[in-house]
Amino acid sequence: MPISEKSSGNNNINKRLVVKKLFARQQHEGFGAVVRRSIGRFELRYFDPFLVLDEFSVSAPAGFPDHPHRGFETVTYMLEGEILHEDCEGHKGVIREGGLQWMTAGKGIVHSEMPSSNSNGITHNKGLQLWINLSSKHKLVEPSYQEIESKDLAETEKDGVRVRIIAGEWNGVKSKICTRTPTMYLDFTLSPGSRISQSIPFHWNAFVYVLEGQGHFGDSKLQHSGAAAHHLLLLGLGGDRLEAWNSSDSGLPLRFILVGGEPIGEAMVQFGPFVMNTQEEIDQTIDDFDNFRNGFEKARHWKSQAASALGLF
């Protein structure tokens, strides 16, 4: 659902302006976990191609035990601590602080995401999880992973601006991630007084989520332009760049993610962790999952070690 912006004078012709601001309040998900959900809640069900954005915080034994997915991708980016990932296909690994997992659920996966044994008792296992929809031609592909440790994630710094490049590129530095749905995902840290002017493909939907500090985005004269931590800012169409600057009076850095994606423009039907194009496909997915077919065969006798140790299943 593309969102149009209202220009405010000739100076804003090429700018992306903020058209909506949401505060991500805390809610409980999984097993004792807390998330701040900004996309995928009743005020913003879907922002094509983005289905969900959660800022999560978990400490053992809380987490996200065994659950299924079909029809989209999950992007897990750890900000602090670490999370153990296991799935019914036999994949297992730890996503550590600053690291990234880009999982294509495709035709079906059952997995768990729990604090690792090394993080037992640590209250700062924090991160972001973004769900990205897949077009109909990719919804039933085989599950796959792209995983990057923090030390290998593309990163650059210039004029007081530090950028971690999760998807896309900045200042000639490119991410290693391949995206089925064309996507940019940049993690910016702006020192006091610094600013950016970041290009965004003209027809892509894009948003900002503020992690730390205080900043202005688009045009300081507009009501929604200023934001602090845990705020999501939807950017309107009609421009090809975002201007942002650190407006903190406290001398603290501003950290935010800028995410953009090419709208898929197809019908979307969601039933919890299943995202397809029609209700009939959702009904088939539920039947496949209940009967361990068409991508869910290996889930019949599988339980994650982490959830089993807690006696959850």
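Glycine is treated like the rest: Cβ placed from N, Cα and C.
Listed in TrEMBL:
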{"type": "DOMAIN", "residues": "35-132", "note": "domain 'Pirin N-terminal'"}
{"type": "BINDING", "residues": "His67, His69, His111, Glu113", "note": "Fe cation binding site"}
{"type": "DOMAIN", "residues": "185-295", "note": "domain 'Pirin C-terminal'"}
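Sequence-distant neighbours of His111 (Fe cation binding site): residues of the same chain at least 6 apart with a C-beta under 8 Å from its C-beta are Asp66, His67, His69, His85, Glu86, Asp87, Cys88, His91, Met103, Ser304. Under 8 Å, Cβ to Cβ, and six or more positions away along its own chain, Glu113 (Fe cation binding site) finds Gly63, Phe64, Thr76, Ile83, Leu84, His85.
The sparsest Cβ neighbourhood within 10 Å, among the listed binding-site residues (His67, His69), is found at His67.
Cβ atoms within 8 Å of the centroid of the Cβ atoms of His67, His69, His111, Glu113 (the Fe cation site) belong to the same-chain residues Phe64, Asp66, Pro68, Thr74, Asp87, Ile109, Val110, Ser112, Pro273, site residues excluded. Taking H, G and I as helix, E and B as strand and the rest as coil, DSSP gives the domain 'Pirin N-terminal' (35-132) the counts 3 helix, 65 strand, 30 coil. Model confidence over the domain 'Pirin N-terminal' (35-132) stands at 91, taken as the mean pLDDT rounded to a whole number.
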